[in-house]
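J.: Sharing a structure, written as structure tokens. Questions coming.
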């Protein structure tokens, strides 16, 4: 080998050694960086995959994911193993950083770490305090009020036993330190971490409801000086657009605790200025960046660049300190100034931008995403990881990092970002911004000049330029011109209502009046609130079910225009592969890292010294990395490492060949939404979608101007049958109808009374042997047996030796009480004896008598605003207020009443008969017209010819089940029938009710003590399986042809006997037993414990009138209450003063003498038209020619009823007429008598949202809401009130002026009777007229014919309770009486009987004008008076009543959508409107829950004919079969011959009765007598008026049953499933005893429980007795109760006397002889020992309290206690079992 070769080899070997050394250094630094990353901060929300940026996983139920955090609702259940969040090295030396806001005032756990059923770490948020739990009984409490609706940034610094609470970013934050009582134990890695939810099972703990923006755990307690920089930027900016506190939270307190010094008073605003940071480019290229923080100094950017590993060369602690110092790289953000108001972005339809040339300006821009475009990657630090997402991976120092060229996909989410619009003129493609799963901090470039003008929205209203200092959202850049927002609000041209705007604190440092409204966004629109800050992503679009804090729900907006699809970006470069981590919670997926080279085996160390002798060595310096060793033996598989940081995104490889189809993989996670594709072709009509959630009611628009009358519409479809009214009075007896076909079986009737004893039947055949029944439940312990008879006396034994003195005997049984001895003399008082042992707790005594009323307590603190109370009684009419200012000109009034009849026109000439027109084409089938009125009895027609037999009709549908008929008379006893064939074995009867509890049995012998089994070996941890590849989705195959009908199967074998059926109906009441002998008098018992609250007592006598209270604040609107029952009839008013006597009037026509009635008060006379004179009979004219068919005339005015004309002669038979058109609907008639109130109708679907009204003028700034405003102006006239009491007689009216004699009109043609119109409102009181002149003598009128007797009217409804009278004047003071002797307090007397009515009092002053009385009966018709002179114009009257409907006008053109109106005040509850037309069929509802098992169904329809089988062998002769059922109804027969006309029918149904039934006017289609029976006529064709009451009764029962299921009452007949259901349905219930039925079966097995609503609706079961572990709940009900609950707890106390129960010393583990508690499923439970004093064997009663809290409710209640101590003569114990409460 020559020299050159030798040198080359030596040089090569040196180079290889250097490279190896460099590689070792790189590997060491990389591994060191990885270890540092693994032990860095823990972002809990990111580890739980709850960040909105992590779109790869759906969030759990009850969690609403936002870009700035999450919102936890009551249904949130987020759990994960502890080891997946916190590494094992994390001990009690860390900092917990939180940014939360509470939505509900309660005591809740934000998070908890559980080990089994013990809590190891948890934060409890209570009103006014925060409690950090570090184990059972180990907690630190801080006075801090978090329930004020604001965002709070907190930091808990835990250092051993010391816990310090900091409120970062405040000037006065010095921290409050508390000491834990005990050093907390290490976290169990096998424990469970829970976020939100009622997981801690502590008393009074409910799920946390609120928002969490940040939840980080930093493993260092020395980081409190940099906590403010650790708060996320978007969390700190949450304060700048915080919404108003919800209605569920109180206003912020004026007296905040000292720790809240940094918070602001309610009337101040909170502005935030982010800290400025220096962003220095690296290598001058801007490809990567290094971020540092300066304290208050803003250095200029420099071009110097540290090496890539500069952050790692400072030592071990450098990355940790950097993680705390350089958390929040941010852009320079300007402070909000007073001159630049905030931005209000409301939902809008994005306008299409128009690009125009021009310059870019840093105006406020809006894009559809917030996401940053990564332009740099940081080196070996966690810069921005808290603000954006996952941690960055340390870079290798061998290569400088270049700017990634990959362009992210467009983000379909429609959010908004604000910032400048930097452009790059070198690139032709515009990138669309989108947040990556792991975005990194970037440095935005300055906007460069370009040739494109910023895009502007079309709407230019309310344009106000924003500050030019606004920049992009931090960590984001943009390369596409974005639309510039130049307005403070987006307006919309779509006719939808925007969401209601809530008041928020104003954000203006100079107290300018610029409100910053808060909008409630809904998908898919975007809505943003901000105050000139660059990023606002607090609320993202989402759908929320209606909750108490529905702050984020608004009305749905319009669909936006289709966005342009983005261009695909170039492929990215290959990323750095990350290390393979353990299978943790789903996070950002990184690629597995390459395995590193195995190191050399180290040298053998020196032998160690024995323990205790070796001195503790100092910590050595970090050694240099050794040389690379040889490859060692393959080691064992190591434990799972911590999850590694995600690797850089790799460059997609080339398209590989298509592989074979793999096995079907698990369903993948939900992928990120792809880019918006081009607009596709119009698809086919889809199915009706699932109904969406009802939106909040929009603001009431202003009343529009009345439109022009529309054209007459077409006849609508027949409406659905209306709601059934109440049962009306019995009608007249109808004629017997045709006997119809037997109806279907009716509704199962109620259990009838026991009938008379029937005849003894023929004894049946002996039955087969029954199937052996199931094993019955073990019976209760029997009573102690009676003492046996004494045995025969044995022989007398020999006398034994004197024995040794025995031990003291056991105390003998207590003897019977002897006879009462004579009272002895009082002896000397003895010395006080020693205190005796503690007695047993006595049984619960009977409720004691109510104690005397205690002294009046001090006024309590003002409580939270309660729910809206029920509507109070109508107050007295207030005094007449001062005249208000003249109002604006009113709108055009409604159409007035029809005018008087015009003069009769001149009779026209007789027309010429027209020619018969050609036969028209057949018209369309018309709608079924409304039933016409009953016509007059027609004349008898000729007998028609026999018609051809019609074809057989189709089979009719099964009719409705008939109502059960009344029981007929008992029939004669039938002859004994032949013995029938043996019937099938009946179903086993239902299980009977549980019998009463038997007496206590004899105590059993103590069993032998069981041995504790050995602990089993721990199982091995399995290896995680490889995830299968996701196969390509196959194409959808063509739809197959329907298969051929298979042959019918053979008859199955006889099934085995079923399980016992449900419990049967209660048996009949047995005969009353003879009274037992009187027992001996018992001893007087001890005074019992205070009883449970008794039932509500009867209403006491009315108290004295109290002093007038102050005017209360206006209450919140309450829920709509149910209609109350009609009140009793008011007392009759006193007779009013006599009016002034008028002049004698003209003698009227003699009327028909009526019955002498009582003198009634004058009622309001209704409006009635004049009655015309009877005209002279004209001569009979010649019969005219037949005229052409005329058009349907207009509806005539209602004329007076004419006299009954003479019976005409029989006319010729007319030809069969065609079906006439439906008549026009009659006018609205007078209001009828009020009908009986109907049943409560079902709630109809919510109507569509109306078009927006015109925009109202912007209101002025309102006054402070706390200051009581002035008395409002008198409101508008309300709707017509209920019928009031009869008013007092009014003042006599003024005499009218003399009128001019009018001509008497001719009688008008009788018009069609119109429907009764609505009752008009009472007009204003007229002015008093002057005395009129005496009228002329009228002509003598003709005597009218006697009218037919009217139908007896229905009884009117019960009147409402009259108003309360005014308070009388105080009487004169009487003389002072003498002091009487003090009497002994008597017992409370019974309620006295109602006294006799007192004497009428002195007449009071003239009261206010009463409500209008009921409409009086029509008086005798008077003559028409003379028209008076027109009086002076009166004042502007109130708004008139609703006029008659005018003719329908032409359809107007569609108006422009109005502007958004201001929300009006809530209106008064209106009268029930007329029933609306039936709505369209709604979409198919969501599938409901599985219902209970139904009754045995009827036989199904016959199946298809099967294949003809082979001929079978002839069977044996069978028994005689039972009588077959009634066959199917045959085809409808041909119509029979026309019969003679029937007799006149009974009178029609009164109008009130028709309204009561709600069926409209029921008109009989035709009448027939009992002689006219048409064969084949079905039952359904008959009028069902006689069946309507029964149908109504059935519907009422079903309606009440459904209502009780939806709204349980908690009674025995209407039980709830759980107490939680009662708590959710009714907010006003109190703790007490209620009935529940967890399986929702028959209410007979419902159980009585205690409901604790104050702690969230707990269901508590009490044992039968407190001394035994027995509960009167069946296993089935208990299983359902377990399934419906989320946890349970129970408390058991063991009272002990000289016996050890748990441990032998305080605070010691349980001894081997400790008692064991067995759960409901047999497992041994470990209790929480609250107190144990049984180790004290001092001859006194002690006790041990055990508490069981479990997450699995199936473990409780405790059913058995084993290993109880043996009872000795000097030791005793007994149990006190508490109730078990289910959550």
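Cβ coordinates come from backbone N, Cα and C, glycine included.
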J.: According to Swiss-Prot, one residue among 93, 1698 carries the annotation N-linked glycosylation site; which one is it?
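T.: With Swiss-Prot as the source, N-linked glycosylation site is noted for 1698.
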J.: Which range, 217-251, 252-286, 1512-1546, 1582-1616, does Swiss-Prot list as region 'Disordered'?
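T.: Feature region 'Disordered' in Swiss-Prot: residues 1512-1546.
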J.: Which range is it, out of 138-162, 163-187, 188-212, 288-312, that shows up in Swiss-Prot as region 'Disordered'?
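T.: Spelled out, Swiss-Prot records region 'Disordered' over residues 288-312, not the other listed ranges.
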J.: With residue 1639 (Ca(2+) binding site) as the reference Cα, tell me which of the disulfide-bonded residues 1619, 1651, 1660, 1734, 1781 is the closest one.
T.: 1619
J.: So, three-state DSSP: helix, strand or coil for residue 1651 (disulfide bond)?
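T.: DSSP call for residue 1651 (disulfide bond): strand.
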J.: Find the shortest Cα-Cα separation between residue 1619 (disulfide bond) and the recorded positions 1642, 1696, 1734, 1781, and name the residue that gives it.
T.: 1781
J.: Cβ within 8 Å of the Ca(2+) site centroid (1637, 1639, 1642, 1645 excluded): which residues?
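T.: Going along the sequence, the neighbours come out as 1615, 1638, 1640, 1641, 1643, 1644, 1646, 1677.
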J.: Taking Cα atoms as reference points, which of the recorded positions 1637, 1642, 1696, 1734 is nearest to residue 1660 (disulfide bond)?
T.: 1637
J.: Could you work out which of the recorded positions (1642, 1696, 1781) has its C-beta surrounded by the smallest number of other C-beta atoms within 10 A?
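T.: Least crowded of the recorded positions 1642, 1696, 1781, by Cβ count within 10 Å, is 1642.
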J.: Using the structure shown, find which entry in 1619, 1651, 1660, 1734 (the disulfide-bonded residues) has the sparsest Cβ neighbourhood within 10 Å.
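T.: Among the disulfide-bonded residues 1619, 1651, 1660, 1734, the lowest count of other Cβ atoms within 10 Å belongs to 1660.
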J.: When the pLDDT values for the domain 'Laminin G-like' (73-235) are averaged, what is the result?
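T.: That region's mean pLDDT is 86.
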J.: Going by DSSP, is residue 1642 (Ca(2+) binding site) part of a helix, a strand, or coil?
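T.: Assignment for residue 1642 (Ca(2+) binding site) reads coil.
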J.: Give the distance between the Cα atoms of residue 1696 (disulfide bond) and residue 1642 (Ca(2+) binding site), rounded to the nearest whole Å.
T.: 43
J.: What is the total of other Cβ atoms whose distance to the Cβ of residue 1645 (Ca(2+) binding site) is within 10 Å?
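T.: The answer is 19.
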J.: Residue 1645 (Ca(2+) binding site) to residue 1651 (disulfide bond): how many Å between their Cα atoms?
T.: 18
J.: Checking the contact step here: among the recorded positions 1637, 1734, 1781, which have a Cα within 10 Å of the Cα of residue 1651 (disulfide bond)?
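T.: So the list reads 1781.
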J.: Using Cα coordinates, what distance in whole Å links residue 1637 (Ca(2+) binding site) and residue 1781 (disulfide bond)?
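T.: For residue 1637 (Ca(2+) binding site) versus residue 1781 (disulfide bond), the Cα atoms are 16 Å apart.
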J.: Measuring Cα to Cα, tell me the gap between residue 1734 (disulfide bond) and residue 1642 (Ca(2+) binding site) in whole angstrom.
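T.: Approximately 46 Å lies between the Cα of residue 1734 (disulfide bond) and that of residue 1642 (Ca(2+) binding site).
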